Amino acid sequence: MMDVSDLSSQTLSTKMMETLSTRANTLFCSFLSCLAFFAVLNHLSAYVMFDPTPRMDVLEVEKVFPIRNTRQGDQAVFSFNMEADLSSEFHWNLKQLFVYLTASYVTSKHKRNEVTVWDKIIETVDDSVLSLSSEQVEYVLKGEDYLRDRNVTLRLKYRTMPIIGLMREKVMPLTKTFKLPGSYDHGASSR
Amino acid sequence: MDTVRQYWDEFRALFSKPRQFVQQILNLCCIVFSALMLWKGLMVITGSESPVVVVLSGSMEPGFYRGDILFLNNPDTPVLPGDVVVFKIKGRDIPIVHRVLEVHETGKGDVKILTKGDNNDVDDRGLYAPGQLWLNKSDIMGRAIAFLPYVGMVTIWLNDYPWLKFVLVGTMGFFVIIGRE
């Protein structure tokens, strides 16, 4: 390539050192560009190649417990049955799903209440078929408000959390509306 | 060592060519201001006062680890449970990245928000200011829309070891001034 026979040893070694740092720099830059390119490719290809078809068959309220009246407002607890299959969401750019059941209701003080009552992180495709029966809510319905006789709508939602790229919200179309009891649990109200 | 001497020679040679020296200084300014413009531009587009944040704690594991980067926006649409939000608490310097658990909106449009870290067992009431039960819309700096792993580790190192900042900025400035890539 380059004829170095006429260069003195001093300039030769300088040239060598020079190329070393330049090489390292070039190598590093190419590495970064490649990484960035494949990251983008990874994200885009997952959109094009996979078409998730999540299924949800069952969403039922199993039991509604009597409402407790506390100093911080009413608290309601219930249990539910749910069956959903989210396995088709998993592909090579998906790290985990954050699955959560929301309850939305209207009260006298608040025109919009949206509350997570149950959540789960799904990290592998093996765990992605949900089959819950008589599952108690994780977080009680509360919010400094009266809850008697309120209609509550349950909805399963989840967030796709990718290895790299955009995070998205997905909402399952199946909903379930039920009515909270009209009276308090007097045995527990003093607590 | 020879490389260093060569760089030093190039640096000294600049002083005999003042015009080139000035041009290189302007180049350096150009780079700095481009970065600033990019940042401010992102702020305008996303509507968030800090459009890119680095995750500093493990409270959102296994979703986000220390050193991951989140891109935020701050739209006018209602905050929903499940949103990952970045919020500021009075008396705390460092903003927190957690997930919205509850939203209650009053008739007047005030929003009460409760958050929780995915990896925490309890909600964030203990992290809020004393006596504070809810976050308002104004506490929210942005909502996470995109995720980039590991890259923020550089920022964490720069913060943990201040000398690294000077070394990195110094070398980069030096190379720009002597006119190399």
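Cβ atoms here come from the backbone N, Cα and C positions, even for glycine.
Quick look at what TrEMBL lists:
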TRANSMEM  B:20-39  transmembrane segment
DOMAIN    B:42-126  domain 'Peptidase S24/S26A/S26B/S26C'
TRANSMEM  B:163-179  transmembrane segment
*What average pLDDT is reported by the model for the domain 'Peptidase S24/S26A/S26B/S26C' (B:42-126)?*
92
*With DSSP, how much of the domain 'Peptidase S24/S26A/S26B/S26C' (B:42-126) is helix, how much strand and how much coil, in residues?*
8 helix, 29 strand, 48 coil
